[in-house]
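*Asks:* Got a structure for you, questions after.
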Amino acid sequence: MTLPKPLDQYDETSAAAALKKLRAQVNQYREAYYTKDQPLVEDYVYDTAYNDLQALEKKFPQLITPDSPTQLVGDETLPGFTKVRHDIPMLSMGDVFSVDELKTFDDRLQGSVGSAVTYNAELKIDGLALSLVYQGGKLTQASTRGDGIIGEDVTANIKTIKAVPRTLPRPIDVEVRGECYMPVSSFAKLNEDREQRGEAVFANPRNAAAGSLRQLNPRITRERDLSVWLYTIVNAQDYGITTQADALRTLSEWGFPVNPNSRVCRTLTDVDHYITDMTPQRQTLDYGIDGIVLKVNDLDLQAQLGNTVKVPRWEIAYKFPPEMARTIVREITWTVGRTGVVTPTAVMDPVQLAGTTVSRATLHNVDMLKEKDIRIGDTVELFKAGDIIPEVSRVVTEKRPADAAPYQPPTACPSCGQPLVHLMDEVALRCVNPKCPAQITEGLTHFASRDAMDITGLGPKVVALLYSHKLVSDIADLYRLTAADLADLPGFKEKSISNLLNAIAGSRQNSLERLLFGLGIDHVGAKAAQLIAQAFGTMDKIMAASADEITAIKTIGPTIGQSITAFVSNPGAQSLINELAAVGVNMTYTGPAAEAEAAADSPFNGQTVVITGKFADFSRKGLTDQLTALGAHVTGSVSKKTTMVVAGEDPGSKADKAQRLGVQIIDADQLAAMLKESQTE
């Protein structure tokens with residue numbers, strides 16, 4: 001909500017009621033944005049609600065509560081990461097939305113210090129705040145901002161980012177801070193890959209970066225092509241640095257990536273010129289920026305001005321207004337997801353917006369469609385959430401055609417024709433037909449996706465082909481496919497048939513959390529699946545667990561607990577799990593928590609292993625993950641350091657070289673026996 005009436009019309013009673021609603025709304029937005037990395041609304045909607053809350057609290061300071069979002073910094077830490085206390089808090093910044101507000105900020109500082117202030121102007125990177133600690137010139141700890149006082153230790157993940165130096169040119173003890181981000185080009189490729197695999201796409205590069213850095217498995221972070229810009233040296237004066245501009249130069253000399261687009265501004269006119277110069281570059285940069293940061297350049301003056309409880313007094317963020325475009329809605333289409341949720345999309349006349357041509361925009365759910373009262377023929381204003389995802393801001397009602405009737409959402413599923421329903425407490429329309437073709441194909445695609453069973457080659461098009469030829473109707477059918485089944489399908493030849501069947505066979509060995517996530521249980525994401533699989537160890541124990549036992553796992557709420565128990569109590573689900581077990585799908589957790597114990601007595605522990613050739617029962621990635629979990633160091637080429645080569649069919653030159661060097665070579669049968677031995681230790 002935003003305030004329905006001007007500030008001066010509120011008394012204490014009406015203000016208390018409005019504040020209660022605003023706090024609940026802003027807290028909901030904060031949790032989605034900071035903790036779940038899944039924003040509910042665009043930035044300017046959040047900013048408007050937050051600023052209304054701040055303004056109302058300023059008028060009625062006696063109504064401020066300690067848990068108000070205005071009294072908090074950043075996000076909460078996630079489970080599974082070691083907590084890190086920041087000796088010097090990592091504060092957030094105050095923000096303004098106009099040059100007039102910048103002038104107010106400048107006037108306040110000049111009044112406080114009694115003279116003109118020189119600023120260092122920098123781009124506001126749309127990423128995740130980060131602290132790096134070096135001891136003796138070596139990187140020893142990396143952490144997120146968290147709530148500003150306590151962050152998350154992400155050292156292992158940060159070490160996978162090439163741009164972060166492991167060693168400095170000087171053996172100094174220092175803490176530096178900056179922003180972790182995902183390049184726009186990498187974000188586009190990541191979302192394209194996820195879409196092809198039937199996985200949910202990220203809303204914007206900032207959330208993709210946050211979700212990628214806050215992974216319990218560093219291998220995932222390594223694959224996501226993250227980078228960093230550094231802009232702060234903590235206690236910079238200890239190193240003879242006197243200004244923010246000098247700090248940036250020093251960071252660069254020490255080998256850190258430093259954004260080149262900063263500028264010393266001696267007047268507000270300089271600042272205005274900087275904003276004018278930088279604003280058009282938003283669409284040409286390969287990283288997201290959502291504003292300009294002004295910092296007092298003199299570090300002694302920064303210290304003199306100090307901080308409030310939440311923000312430094314010596315810096316401010318100027319936020320860019322969202323770029324808008326107008327177009328006409330010609331159609332509203334509906335798609336069915338794997339859980340039966342039916343989502344509307346506006347199809348519009350193509351229009352240029354923030355550097356790309358836009359002709360479609362998600363409307364999220366039927367409630368949003370009704371709330372915005374979008375009709376066929378309406379002129380709408382569009383913006384790009386996070387400068388990436390097109391969304392409808394509002395209807396230009398004064399341009400509405402006289403014959404534009406209120407839009408009526410569908411009552412039947414666009415895929416199977418069965419009635420759509422509104423389940424209790426849900427905003428979404430849903431198809432509850434378990435035989436709905438769209439749900440089945442979406443479910444199969446999700447099962448094969450990278451974060452689930454990771455079956456290479458089984459994307460949406462192949463799934464649709466298999467389903468249309470009546471070769472699969474549930475996920476267990478995938479494991480019954482034969483070469484003869486695929487031989488007559490268009491586009492399939494001997495090699496592609498072999499590759500797909502090998503990938504499916506290899507997925508049988510995946511750890512339990514992948515299967516649990518792949519089943520597509522409502523509300524059970526990849527992180528929740530890992531925590532639950534790790535806690536219970538086997539599918540049998542999960543199926544026997546009560547909702548209360550599942551909810552007892554830290555961060556697993558009652559919605560997830562009830563959803564899992566409802567799923568496993570369904571006879572159809574029980575039958576499916578039994579079928580999967582019968583075709584050899586692993587039902588045991590073999591993930592990270594089990595690694596140290598399993599590796600201790602494993603025949604692979606301490607070995608430097610090279611994998612070569614093809615394996616009927618393993619994917620290359622799955623086998624690499626298993627061997628690594630059992631203490632092996634898997635490399636890509638044979639050398640004098642190699643101690644074992646795992647050779648499948650057609651092993652090639654690597655096996656020949658291993659033989660010449662006298663390196664131990666094991667075949668697929670020996671591999672299977674050694675893996676079995678490792679699991680029974």
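Glycine residues also receive a Cβ, built from the backbone N, Cα and C atoms like all the rest.
Here TrEMBL flags K124 as active site, N6-AMP-lysine intermediate. TrEMBL lists D43, Y44, V45, Y46, D47, S92, M93, E122, R145, E179, K295, K319 with the feature NAD(+) binding site. Annotation comment: TrEMBL describes C413, C416, C431, C436 as Zn(2+) binding site. According to TrEMBL, the feature domain 'BRCT' maps to 599-681.
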*Asks:* Identify all same-chain residues not among C413, C416, C431, C436 whose C-beta atom falls within 8 angstroms of the centroid of the Zn(2+) site's C-beta atoms; report them in sequence order.
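*Replies:* Counting only non-site residues, the set is V336, G340, P414, S415, G417, Q418, L420, N433, P437, A438, Q439.
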*Asks:* What is the number of residues in the domain 'BRCT' (599-681) that are helix, strand and coil, as DSSP sees it?
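*Replies:* Taking each residue of the domain 'BRCT' (599-681) in turn, the totals are 34 helix, 17 strand, 32 coil.
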*Asks:* What is the nearest of the recorded positions V45, K124, R145, K295 to C416 (Zn(2+) binding site), using the Cα of each?
*Replies:* V45
*Asks:* Per DSSP, R145 (NAD(+) binding site) is which: helix, strand or coil?
*Replies:* coil
*Asks:* Which residues of the same chain, at least 6 positions away in sequence, have a Cβ lying under 8 Å from the Cβ of V45 (NAD(+) binding site)?
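*Replies:* For V45 (NAD(+) binding site), the qualifying residues are Y29.
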*Asks:* To the nearest whole angstrom, what is the C-alpha distance linking C413 (Zn(2+) binding site) and M93 (NAD(+) binding site)?
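*Replies:* That comes out at 47 Å between the alpha carbons.
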*Asks:* Would you mind checking how many other C-beta atoms are within 10 angstroms of the C-beta on D47 (NAD(+) binding site)?
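*Replies:* A count of 15.
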*Asks:* Considering only the recorded positions K124, C431, C436, which residue has the minimal Cα-Cα separation from K295 (NAD(+) binding site)?
*Replies:* K124
*Asks:* Determine the Cβ neighbour count for C431 (Zn(2+) binding site): the number of other Cβ atoms within 10 Å of its Cβ.
*Replies:* 24
*Asks:* Using a 10 Å cut-off, grab the number of neighbouring Cβ atoms around the Cβ of M93 (NAD(+) binding site), all chains included.
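*Replies:* Taking all protein chains shown, M93 (NAD(+) binding site) has 15 Cβ neighbours within 10 Å.
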*Asks:* Neighbour count first, Cβ atoms within 10 Å, every protein chain included; then name which of C413, C416, C436 tops the list of binding-site residues.
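*Replies:* Output for this query is C413.
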